[in-house]
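A.B. asks: What TrEMBL records for B:Asp23, B:His24, B:Gly25, B:Lys26, B:Ser27, B:Thr28, B:Asn140, B:Lys141, B:Ile142, B:Asp143 is GTP binding site. Feature annotation from TrEMBL assigns domain 'Tr-type G' to B:11-193.
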Amino acid sequence: MTSAAYIHIPFCHQICHYCDFNKVFMKNQPVEEYLKCLDGEMGMAEPGHYQSIFVGGGTPTALNEKQLAFLTRSIAERLPVLPGVEYTFEANPGELTLEKLRILKEGGVNRLSIGVQSFNDEHLKRIGRMHTKQDVYKTIQDAEKAGFDHVSIDLIYGLPEQTLEDAVDTVEKALALDLPHYSAYSLIIEPKTVFYNLMAKGKLPLPKEESEADMYEAVMNSMEAHGLVQYEISNFARPGFESRHNLTYWNNEEYYGFGAGAHGYVNGERYANFGPLKKYMEPIEEMKWPRMTAQKTTAQEQMEEEMFLGLRKMEGVSISDFEKKYKKSPLHVFSGPVEEMKNRGLLQVKNNFICLTHNGKFLGNEVFQSFLIQ
Amino acid sequence: MNNNDRLERQERIRNFSIIAHIDHGKSTLADRILEKTKALTAREMKSQLLDSMDLERERGITIKLNAVQLNYTAKDGKEYIFHLIDTPGHVDFTYEVSRSLAACEGAILVVDAAQGIEAQTLANVYLALDNDLEILPVINKIDLPAAEPERVRKEVEDVIGLDASEAVLASAKAGIGIEDILEQVVEKVPAPTGDPNAPLKALIFDSIYDAYRGVIAYIRVVDGTVKVGDKVKMMATGKEFEVTEIGVFTPKTTQRDELTVGDVGYLAAAIKTVGDTQVGDTITSAKNGATEALAGYRKLNPMVYCGLYPIDSSRYNDLREALEKLELNDSALQYEPETSQALGFGFRCGFLGLLHMEIIQERIEREFKIDLITTAPSVIYQVTMTDGEELRIDNPSDMPDPQKIAHVEEPYVKASIIVPNDYVGAVMELAQGKRGIFIDMQYLDTNRVSVVYEMPLSEIVYDFFDQLKSSTKGYASFDYELIGYKQSKLVKMDILLNTETVDALSFIVHRDFAYERGKIIVEKLKELIPRQQFEVPIQAAIGNKIVARSTIKAMRKNVLAKCYGGDISRKRKLLEKQKEGKKRMKQVGSVEVPQEAFMAVLKMDDQQK
């Protein structure tokens with residue numbers, strides 16, 4: 001059975017300049033009706049117990065206390081969990097009050113993923129974030145006060161006009177908080193964002209490829225020096241604190257996606273929900289799935305995905321697990337790409353695993369695309 | 001039909017074409033004439049009917065010839081038979097114009113009432129005069145606010161020396177003056193002279209290939225009569241065929257029993273190969289045929305050559321088939337197999353000019369769905385070796401070692417440019433930068449100037465036309481004709497990627513410009529070639545001497561390190577797109593090179609500004 005669930009809250013008080021997720025300004029939106037529909041959609045899922053739940057957005061913490069309480073109750077009722085499960089809420093510094101933290105704690109949430117992005121107030125402003133460095137410290141303190149010991153923060157490097165020193169400074173400040181988990185993403189300019197438009201006009205002074213690579217290298221070095229283990233291209237954790245939910249994606253396992261614009265993978269079928277709120281809500285009111293697209297994955301696609309997702313993990317793809325799952329060896333199915341990428345020094349086969357080399361981490365897409373055979 | 005009928009009918013035949021500068025309204029006028037003579041019902045009428053290829057309609061140009069038979073009842077009450085032969089309006093297709101003019105007795109000269117005479121107008125008028133045609137000037141687009149018909153009338157008289165006092169003031173678009181034009185055709189264009197009883201003489205002015213009927217020759221009968229079942233002979237090749245079908249275009253193909261003096265139509269005779277019916281040849285009867293052929297045309301040789309290679313080398317045979325098919329209807333296209341170390345198997349193709357080249361490329365990509373790599377166009381260089389041997393070089397990479405060369409000659413053209421006063425300076429600067437030699441300058445009126453330069457064809461091939469347009473805000477018109485070969489100090493510039501010479505990137509350059517161009521092209525290539533996993537030096541070299549260098553930095557980071565939800569399909573699409581982009585590149589040694597890089601030599605001048 002599918003035992004992971006992603007729940008999407010598409011509301012924000014402020015839209016970040018780089019964000020291309022499905023989201024709307026919260027003002028005048030039918031938030032309560034949306035939460036009811038979400039409840040309805042979760043109610044349609046196969047009954048069973050969940051191993052990981054992740055509430056993301058948008059900004060889940062943009063919800064007010066009453067709405068949050070409704071949401072956590074609804075999740076608890078619809079998606080029963082076993083003890084020891086990972087249950088994460090995404091949160092924005094500054095929006096996460098002590099009161100909201102208590103509601104989450106009471107609702108069973110045991111992990112927070114905080115969108116810090118940078119410890120430089122200038123940069124934060126530039127990317128459209130509302131919070132400041134001080135808000136971050138306050139939020140982390142409050143989280144501790146509310147009893148959360150599993151807190152992760154997200155950072156973004158490669159911001160406009162960011163230097164290597166800026167990036168290192170942000171990472172060091174983040175590491176000083178001594179948290180068990182960090183994600184460090186590189187800024188990707190996506191269509192339909194403020195940054196995309198600025199870039200098209202030539203008004204986005206992004207760091208050069210060299211300097212972005214240097215930042216990535218520096219991030220990895222700092223993390224390692226602080227005893228954090230890189231377990232995926234952008235993720236670092238103290239042993240035992242890896243995000244189980246994100247590993248679901250990289251292990252090519254199934255998961256539900258609930259909410260407007262959410263994506264899921266259930267019974268071999270990848271689907272996407274309608275993004276616009278109205279389009280999403282209408283079918284649910286008639287007890288129908290709000291699917292915009294749904295497509296069965298073929299065996300070939302599954303194997304390809306197993307590789308390009310699994311290779312994101314530092315341990316890589318387990319040859320024996322692959323053989324168990326597909327009754328074929330990945331070294332045979334993908335003999336061409338494996339050889340080529342090995343020759344290019346981007347891939348290695350170690351014991352039972354196929355994984356990226358250090359260089360391969362920087363040029364992951366070169367490797368991933370070679371596993372798309374069509 | 002008996003002989004008297006034929007002679008009487010001959011009196012009522014008028015053969016003419018329309019000549020004009022591009023955009024002056026030739027196709028619209030042709031449409032109006034078709035409408036007026038009721039050649040088509042309203043339902044069949046679609047804009048620019050004679051341009052039948054998609055490409056022709058999209059680009060608003062005529063490439064292939066068309067000939068239509070029309071019936072017109074004139075004011076004198078008699079019904080006249082018109083043959084309207086359409087002509088291409090672009091400089092590359094001058095040859096085709098001369099062919100169609102040879103099948104006519106008259107030509108309507110269309111001049112835009114606002115723009116006046118342009119370089120192409122002049123070129124075509126001179127062709128028509130060479131063919132002894134009666135020229136009927138028409139001043140078109142008189143309904144435009146900027147129209148100055150009287151100024152243009154004077155221009156026609158002063159510049160061309162035609163009597164324009166009776167020039168029809170028309171607007172093909174608005175349907176003004178069409179009847180006057182048709183009446184002038186009746187009055188002024190002479191009826192064909194020729195003897196229907198003499199041995200057959202029919203001029204082949206074009207041919208197309210039809211999968212069912214074989215080669216179809218477009219002919220103009222000058223003497224005699226031809227019927228289905230007749231045995232005919234091609235005078236140049238001596239080959240004989242039995243006529244299976246004859247007819248005219250109305251513009252639909254309409255079968256006829258016979259074609260006689262003055263008729264313009266088609267002839268099919270189960271002819272298998274296009275080579276058997278050479279355009280310009282004369283068809284006569286197999287028995288008691290004519291002894292002397294009509295004056296044909298000089299076969300025009302290609303002026304511009306380039307290499308065409310399939311990106312996917314497994315499609316080499318498809319490319320050959322595509323060229324074979326295109327050649328059937330385009331006798332000016334030439335090709336022969338060639339091999340490049342960098343690009344593999346492909347063809348060296350010869351074209352009449354740059355537009356011709358572009359059109360062929362586009363048709364191959366569009367109609368045959370073959371992705372192409374095109375090397376930069378080259379002209380033919382005549383090389384005299386130190387041992388006296390003479391070589392014709394149409395591919396820069398074939399240029400011999402400089403030590404073995406006594407001298408090199410390159411083709412020169414006479415370039416005529418007509419431009420408003422204000423831009424004369426810009427044109428001269430451009431022409432001089434292109435090694436142009438000033439020949440002449442004349443004021444056509446108070447505002448417009450005709451400037452003549454002699455310059456190397458290779459400089460024209462390197463985006464001269466685009467630059468001319470941009471430096472004159474599109475006001476300049478331009479025409480050129482080949483005037484012969486001149487000796488030049490030319491050298492071959494080789495380009496090395498990752499220290500290996502890429503033959504497909506070599507080009508010929510004047511020694512005085514070599515350093516500068518070398519610098520520009522290595523920078524341009526650096527922009528066009530994406531980063532590879534390793535650093536790639538780009539060098540420009542003359543012989544063993546490196547004259548310019550730059551470096552494509554190594555790819556440092558290409559990994560999707562972004563926060564993402566479970567949208568795996570999108571990640572897949574992104575990776576697929578990256579992979580697709582790679583497929584459109586050509587692996588040259590260890591470097592992946594995109595299509596555009598092979599044309600970089602053409603884009604060099606963007607950088608100079």
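Glycine is treated like the rest: Cβ placed from N, Cα and C.
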A.B. asks: Rank the binding-site residues B:Ser27, B:Asn140 by how many other Cβ atoms lie within 10 Å of each Cβ and give me the one with the fewest.
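C.D. replies: Relative to the other binding-site residues in B:Ser27, B:Asn140, B:Ser27 has the fewest Cβ atoms within 10 Å.
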A.B. asks: Sorted by position, what residues of the same chain at least six away from B:Ile142 (GTP binding site) have a C-beta under 8 A from it?
C.D. replies: B:Ala113, B:Pro149, B:Leu169, B:Ala170, B:Ser171, B:Ile176, B:Gly177
A.B. asks: Any idea what DSSP makes of B:Ser27 (GTP binding site), helix, strand or coil?
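C.D. replies: Once the DSSP labels are grouped into three classes, B:Ser27 (GTP binding site) ends up as helix.
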A.B. asks: Quick check on the binding-site residues B:Asp23, B:Gly25: which one has the highest count of other Cβ atoms within 10 Å of its Cβ?
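C.D. replies: Going through B:Asp23, B:Gly25 one by one, the largest Cβ count within 10 Å is at B:Gly25.
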A.B. asks: Over the domain 'Tr-type G' (B:11-193), what does the predicted model average in pLDDT?
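C.D. replies: For the domain 'Tr-type G' (B:11-193), the model's average pLDDT rounds to 81.
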A.B. asks: DSSP on B:Asn140 (GTP binding site), three-state: which is it?
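C.D. replies: Going by the DSSP assignment, B:Asn140 (GTP binding site) falls within a strand, counted as strand.
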